[in-house]
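Trainee: Sharing a structure here in structure tokens format.
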Amino acid sequence: MNIIKVQDYDEMGSVTADYVSEKIQDNPEMTLGLATGSTPKSTYKHLIEAHQKGTSFKHITTFNLDEYVGLKPNDPNSYHYYMNKFFFQHIDIPSEKAHLPNGHSRNISQECEEYEKKIKSHMIDLQILGIGANGHIGFNEPGTSFESNTHVVELADSTRRANARFFSSLEEVPTHAITMGIASIMSSKEIVLLVSGEAKSEALERLLSGEEPNESFPASILRSHPHVTIIADKEALMGTGIKL
Ligand code: PGA
């Protein structure tokens with residue numbers, strides 16, 4: 001795993017956006033895996049700036065990692081809404097090329113199967129990923145099988161509490177989500193893991209500690225992927241022994 005060290009959250013966004021923009025220049029029809037949450041927001045901000053300076057997203061295809069079950073796409077807490085607000089509506093990607101799981105489908109297990117099929121038919125060239133304080137990737141909580149494809153998960157209490165900041169109350173945070181599985185994520189040709197802030201420093205330390213991949217710490221699987229780049233800021237690196 002390569003590590004790119006950056007000073008702070010904003011620099012993480014600009015370095016990641018430059019990295020992604022270069023990949024798009026090399027392959028304008030690439031398939032990009034996207035994430036939500038606080039971590040990638042600065043990346044989207046800088047990618048929008050790159051678009052204003054000429055980068056086109058017209059021919060790329062995107063797949064998001066996950067979506068809450070039960071929220072309509074126009075619900076302000078859904079990841080559909082987040083992606084439109086923070087990224088898609090500011091760039092030139094055609095809406096039919098931007099894929100997210102449909103958490104409001106009547107047949108959730110069929111939705112998972114179809115989403116996985118679409119991912120497999122495209123092959124993700126570069127997956128942007130965050131990490132949970134408990135080591136989750138996507139919504140794959142500790143204990144998730146490394147063989148898992150897109151599936152429905154019951155969210156861990158700690159994840160619901162961490163995400164409650166976006167909702168008016170903890171009760172409103174959905175209990176389930178659709179997520180790409182760990183095998184789906186690992187099938188990406190390349191992965192860029194973004195890690196920002198002190199709250200993630202223990203998880204980053206554990207990831208870098210040399211621990212063998214094991215299902216109780218989902219991110220540990222990344223150690224066995226051939227092409228992972230970690231972009232981490234100073235606060236996240238605190239405690240890992242890696243200095244800027
Ligand atoms: P965050 O979430 O970016 O909101 O911290 C990342 C994650 O839980 O994967």
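Keep in mind that glycine also has a Cβ here, set from the backbone N, Cα and C atoms.
Annotation comment: TrEMBL describes 14-224 as domain 'Glucosamine/galactosamine-6-phosphate isomerase'. Positions annotated as active site, proton acceptor by TrEMBL: Asp66, His136. Annotation comment: TrEMBL describes Asn134, Glu141 as active site, for ring-opening step.
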Trainee: Do me a favour and check the Cα-Cα span between His136 (active site, proton acceptor) and Asp66 (active site, proton acceptor); whole Å is fine.
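Mentor: So the alpha carbons of His136 (active site, proton acceptor) and Asp66 (active site, proton acceptor) sit roughly 12 Å from each other.
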Trainee: Going along the chain, which residues six or more apart from Asn134 (active site, for ring-opening step) have their CB under 8 A from its CB?
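Mentor: Glu141, Pro142, Ala156, Ser158, Thr159, Ala203 - these are the non-local Cβ neighbours of Asn134 (active site, for ring-opening step), listed in sequence order.
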Trainee: Including all protein chains displayed, how many Cβ atoms other than that of His136 (active site, proton acceptor) lie within 10 Å of its Cβ?
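Mentor: Other Cβ atoms found within 10 Å: 25.
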Trainee: So how many other Cβ atoms are close to Glu141 (active site, for ring-opening step), meaning within 10 Å of its Cβ?
Mentor: 20
